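The next block holds one structure in the form of structure tokens; read it before the comments.
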Amino acid sequence: MSMLEKIRGPRDLDDLTERELVALAREIRDVLIETVSRTGGHLGPNLGMVEITLAMHRVFDSPHDRILFDVGHQAYVHKLLTGRYERFSELRQEGGLSGYPSRAESEHDLIENSHASAALSYADGLAKAYELRGEKRMVVTVIGDGALTGGMAWEALNNIAAAKNRPMVIIVNDNGRSYTRTVGGFAEHLNALRTNPKYERVLELVRASLTRTPLVGNPLFEVLHGLKRGLKDILAPQGLFEDLGMKYIGPVDGHDEAAIEHALELAKRFGGPVIVHCVTKKGYGYEVAERDEQDHLHQIRSDQTGTWTAAFSEALVELGAERSDLVAITAAMKDPTGLGPFATKFPERFFDVGIAEQHAVTSAAGLAMGGMHPVVAIYATFMNRAFDQLLMDVALHKCGVTFVLDRSGITGEDGASHNGMWDLSIFQVVPGLRIAAPRDGERLRELLREAVEVNDAPTMLRWSKGKAEAEIPAIDRVGGCDVLVRSGEHDVLLVAVGAMVPTCVEVASRLEGQGIGATVVDPRWIKPVDAELVELARKYRLVVSVEDNGRVGGAGAALGVALCDEGVDTPMHVVGIPQEFLSHAKRPKLMAQLGLGAQDVARDIVERVALLDDELLDPTPELETAPLQNESHP
Ligand SMILES: Cc1ncc(C[n+]2csc(CCOP(=O)(O)OP(=O)(O)O)c2C)c(N)n1
Ligand SMILES: CC(=O)[C@@H](O)[C@H](O)COP(=O)(O)O
Ligand SMILES: [Mg+2]
């Protein structure tokens with residue numbers, strides 16, 4: 001039986017010797033590499049978290065003490081140590097373990113939201129609640145150096161620092177990277193703490209001289225090794241956290257399990273908020289990851305060739321060569337959003353602001369006011385948190401900023417907080433914002449070019465995760481809309497949004513087989529609603545919009561309002577994602593489960609047309625006007 005099989009919960013770690021812990025760490029790494037290489041997910045971050053997680057669960061008593069993870073992508077080891085080893089092989093699979101903490105899986109898990117920089121706010125609230133309830137429970141938060149570049153983390157620290165007697169431990173897992181190198185002044189501060197030359201030189205001298213001394217050397221080194229844990233505390237320049245009035249311990253070697261335990265025991269006894277600064281290496285213990293300079297295997301994902309991201313990346317470089325006023329902004333996701341080639345070609349016009357979407361958006365407004373045209377690349381779900389910045393800092397000032405939202409629609413394996421199913425609803429309300437949804441790579445190129453030409457209002461493009469659709473040419477144009485299919489007379493008008501075009505083309509073919517004519521249009525620009533689309537709808541018996549956005553307040557809803565406003569009484573049906581938090585599963589499977597597959601959409605339309613036919617044959621009988629009863633009314 002492997003060691004991991006014997007770990008049913010954190011308390012099974014207590015009696016392990018240092019040697020056994022080293023062996024367990026090795027076994028954990030083997031399981032991570034074997035599993036994540038197969039299932040996909042976050043290998044680099046979790047390889048770097050092995051010793052920290054072991055030490056954390058030996059020093060603290062989860063779930064009585066609460067352990068929180070910021071982002072949560074680095075909680076695989078936590079799952080292995082809290083009774084989920086047997087299920088770990090199903091990581092990120094439908095019905096299997098989530099790639100993030102999950103309350104449904106374990107009492108040891110609390111935060112399920114995978115949006116960065118939020119955990120310390122949860123921690124602040126939890127600690128206040130325990131204090132008010134008189135519960136002696138420690139709140140321990142693991143936060144990476146990247147998540148610490150998010151503004152909300154500093155809002156929380158501002159509050160936490162004020163509570164000198166509220167016991168909290170904040171483990172900063174500092175590997176110097178988000179995906180790529182973590183940027184910003186704070187990252188440089190951490191780096192200064194991490195690489196204090198005084199500390200390293202003294203330690204090397206001690207290590208070299210003592211380990212050469214026979215007999216007494218090694219035991220004495222063990223003592224000094226123990227001293228090393230505090231040594232950095234003495235030698236390291238007291239930094240930002242001390243200035244904030246918070247106890248700072250570190251930097252601690254984040255792969256020296258005993259040293260981390262020592263630091264956490266100190267922190268545990270302190271009785272107030274303590275930062276334990278652990279220095280780790282992303283991908284530690286797996287040479288392939290350690291050598292991967294791009295992101296140390298932050299995430300194992302499928303081949304990116306032919307994806308929407310690749311199409312955008314290419315289109316942006318073309319535009320960047322033509323337009324010297326074009327600048328690109330990322331929130332710590334240069335490569336995942338496709339900005340890598342632009343950053344390489346135009347480094348002076350590329351800005352990585354850290355995991356700081358709100359700052360990214362308002363700094364883009366500043367860049368626009370200064371005469372540049374920013375292109376801000378943010379995953380659709382992460383754009384949610386910058387709504388007010390878009391509304392009031394950009395749109396109110398009519399700034400020419402272009403937003404590109406990758407991963408819109410269902411993303412799948414990353415679970416509920418990653419699906420980009422909100423943007424067409426949320427940003428629908430922004431005055432002056434124009435929103436487009438390309439149906440293929442060629443339209444992405446066209447629409448991006450159109451978007452960056454707009455300098456007196458924000459523009460937004462959104463596309464889904466994965467492979468871009470093969471080119472789907474138009475057969476006609478009505479207003480700004482492309483007509484893609486016209487089969488039969490004016491039965492059904494299918495308004496297909498972005499990535500849903502191929503589905504709608506297949507739906508039209510299925511309807512034709514049922515003797516129902518259908519016209520498929522791609523609006524290209526979703527917002528504002530095209531007036532000629534509204535007029536076109538008058539000619540049909542049924543209008544059906546299909547989008548991979550939530551049904552409430554999305555593209556279809558906006559079209560419905562426009563039809564009403566213009567007195568178009570054609571019945572309309574909105575097909576979209578139900579307003580629910582969806583469990584993780586692969587995108588195609590989830591789309592099918594949600595009834596967004598061509599077969600389901602077509603079947604639904606056939607039923608609706610049949611109802612219309614029934615009404616034609618047997619119109620609603622006039623309401624019988626029953627004689628009013630003489631009722632005495634009080
Ligand atoms: C609001 C938000 N923006 C972007 C992301 C994407 N993201 C997930 S993990 C990560 C990097 C996190 O870096 P760090 O906190 O240092 O953790 P590490 O992976 O280095 O352990 C990013 C940018 C996110 N989860 N949330
Ligand atoms: C946690 C994290 O890194 C997320 O940003 C997510 O995992 C990204 O996944 P994809 O880039 O594969 O959509
Ligand atoms: Mg990091």
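Every residue gets a Cβ built from N, Cα and C, even glycine.
As written in TrEMBL, here are the features:
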| type | residues | note |
| --- | --- | --- |
| BINDING | HIS73, SER114, HIS115, ALA116, GLY146, ALA147, ASN175, TYR286, GLU357 | thiamine diphosphate binding site |
| BINDING | ASP145, ASN175 | Mg(2+) binding site |
| DOMAIN | 306-471 | domain 'Transketolase-like pyrimidine-binding' |
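All features noted in TrEMBL, drawn onto the structure.
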| residue | record | contacts (Cβ under 8 Å, 6+ apart) |
| --- | --- | --- |
| HIS73 | thiamine diphosphate binding site | GLY41, HIS42, PRO45, ASN46, GLY99, TYR100, SER114 |
| HIS115 | thiamine diphosphate binding site | VAL71, THR381, PHE382, ARG385, SER417 |
| ASP145 | Mg(2+) binding site | VAL172, ASN173, ASP174, ASN175, GLY176, ARG177, SER178, THR182, ALA187, LEU190 |
| GLY146 | thiamine diphosphate binding site | ALA116, ARG177, SER178, TYR179, THR182, ALA332, GLY354, ILE355 |
| GLU357 | thiamine diphosphate binding site | ALA331, ILE378, PHE382, MET383, ARG385, ALA386 |
Inset, instruction - Would you work out the biggest C-alpha to C-alpha distance among HIS73, SER114, HIS115, ALA116, GLY146, ALA147, ASN175, TYR286, GLU357, the residues that bind thiamine diphosphate according to the record, and give it in angstrom as a whole number? - result: 32
Legend entry - Neighbouring C-beta atoms (10 Å sphere around the C-beta of ASN175 (thiamine diphosphate binding site)): 25
Legend entry - Entries of HIS73, HIS115, GLY146, ASN175 (binding-site residues) sitting next to ligand 2, with Cβ under 6 Å as the cut-off: HIS73
Inset, instruction - Output: those binding-site residues from HIS73, GLY146, GLU357 whose CB lies less than 6 Å from an atom of ligand 3, in sequence order; none if no residue fits. - result: GLY146
Legend entry - DSSP three-state assignment for GLU357 (thiamine diphosphate binding site): helix
Legend entry - Predicted model, mean pLDDT over the domain 'Transketolase-like pyrimidine-binding' (306-471): 98
